[in-house]
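Taken verbatim from Swiss-Prot:
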type	residues	note
ACT_SITE	Cys383	active site, nucleophile
ACT_SITE	His432	active site, proton acceptor
ACT_SITE	Glu444	active site
DOMAIN	340-472	domain 'NlpC/P60'
SIGNAL	1-39	signal peptide
Amino acid sequence: MRRNRRGSPARPAARFVRPAIPSALSVALLVCTPGLATADPQTDTIAALIADVAKANQRLQDLSDEVQAEQESVNKAMVDVETARDNAAAAEDDLEVSQRAVKDANAAIAAAQHRFDTFAAATYMNGPSVSYLSASSPDEIIATVTAAKTLSASSQAVMANLQRARTERVNTESAARLAKQKADKAAADAKASQDAAVAALTETRRKFDEQREEVQRLAAERDAAQARLQAARLVAWSSEGGQGAPPFRMWDPGSGPAGGRAWDGLWDPTLPMIPSANIPGDPIAVVNQVLGISATSAQVTANMGRKFLEQLGILQPTDTGITNAPAGSAQGRIPRVYGRQASEYVIRRGMSQIGVPYSWGGGNAAGPSKGIDSGAGTVGFDCSGLVLYSFAGVGIKLPHYSGSQYNLGRKIPSSQMRRGDVIFYGPNGSQHVTIYLGNGQMLEAPDVGLKVRVAPVRTAGMTPYVVRYIEY
């Protein structure tokens, strides 16, 4: 759900580089002044120190990527549990239908058997009402033949009905057994998904504790390397007879990133933001809480979808309110003629949340909400939560995971994206998602410590395709 912190709005070939962490190139530009190019030993020393700083920054960036991957694994686990539980509920419904069909088949057999027994007993006790031998006229003979044919046809019909009822019972019992197997498997899958989500939450908490310590260690290494680099630069500058202020920015570990402002001391923006381990004691409670919110969100989406279709004057009695395009189809419930209107409504809905804080796992169809872990105490949105909320206004139901959102809708080459399309970042859209506004701008819930905002589109790390949920 979160974007890769390495990003650049410059050009597609650029790498993601966290703005707050100075790159090797930026340090080199500060160091390689004309006055420093004459002393080869000093230049070699400075080059080595630049490499040390770059390596330290890269290790911090790698750790930041690991944190993002851990958060995404939890978000995906939640979606998997929701899907598995939905499948289990559907399988239980199918099982109930099959069981009712078996009961109906048994009742049909009992009725057919009763009719057959009654007919057989009557035939045995009474025999033909009139025999050929006792017929006294041609009319009586004809009546006897007709009665015999009718009796035979009736007997065959009763037996056929009984056989058909027995065949239907065999089929319904077979279907019921299959439905039971599917229901059992779906229930087992749901349990396995829940166990996986609990394990992901627990493992994430453990890793965050370790990564928090690792950040401090790597930060100390980075600061030490930066201090050595600065000392070497000062020596080189002094050896060239430098006077006045040095021709490069002096680095102070307490002053914030180069060229930036000092921070408030709560966290260092040049370091990866490790979520606090404030997951409640029972991870199952977290899973159930998140899925409860998700179920409510689905109902809210359906209600808003019906309301939107009603406003357009195209609501049908059979409409569920969910307007997503069905699998394999590019056209959803919203006709193309109303597509632009729907897309603008989505954008207005999303833009209304500008300034709302980022909250990992936060956001649903009804609005901002408390998330999980670092987002547990913050009412807000993460990236996919904001997209989910925006499109819910027109009845488009989306999962709360950017990787799953990427697999819905119609994929369009990113070079052809238009206002209202959805932009994804990372492998298979698994790291970040935004809404394209046009003119090179996008709406996003960016990262921990930031707020929903409009920002320039970043091409680095963007998937080859954007996704179009609304056609027009």
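The backbone N, Cα and C atoms fix where each Cβ goes, and this holds for glycine too.
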Taking only the Cα atoms, work out how far Cys383 (active site, nucleophile) lies from the residue listed as 'active site', in Å, as a whole number.
6
Run through the domain 'NlpC/P60' (340-472) and tell me, per DSSP, how many residues are helix, strand and coil.
35 helix, 38 strand, 60 coil
What Cα-Cα separation, expressed in whole Å, is found between Glu444 (active site) and His432 (active site, proton acceptor)?
9
Let's check the environment of Glu444 (active site): how many other CB atoms sit within 10 Å of its CB?
25
What is the number of other Cβ atoms found within 10 Å of the Cβ of Cys383 (active site, nucleophile)?
27
Give the number of CB atoms, excluding that of His432 (active site, proton acceptor) itself, located within 10 Å of its CB.
29
How does the model score the domain 'NlpC/P60' (340-472) in terms of mean pLDDT?
92
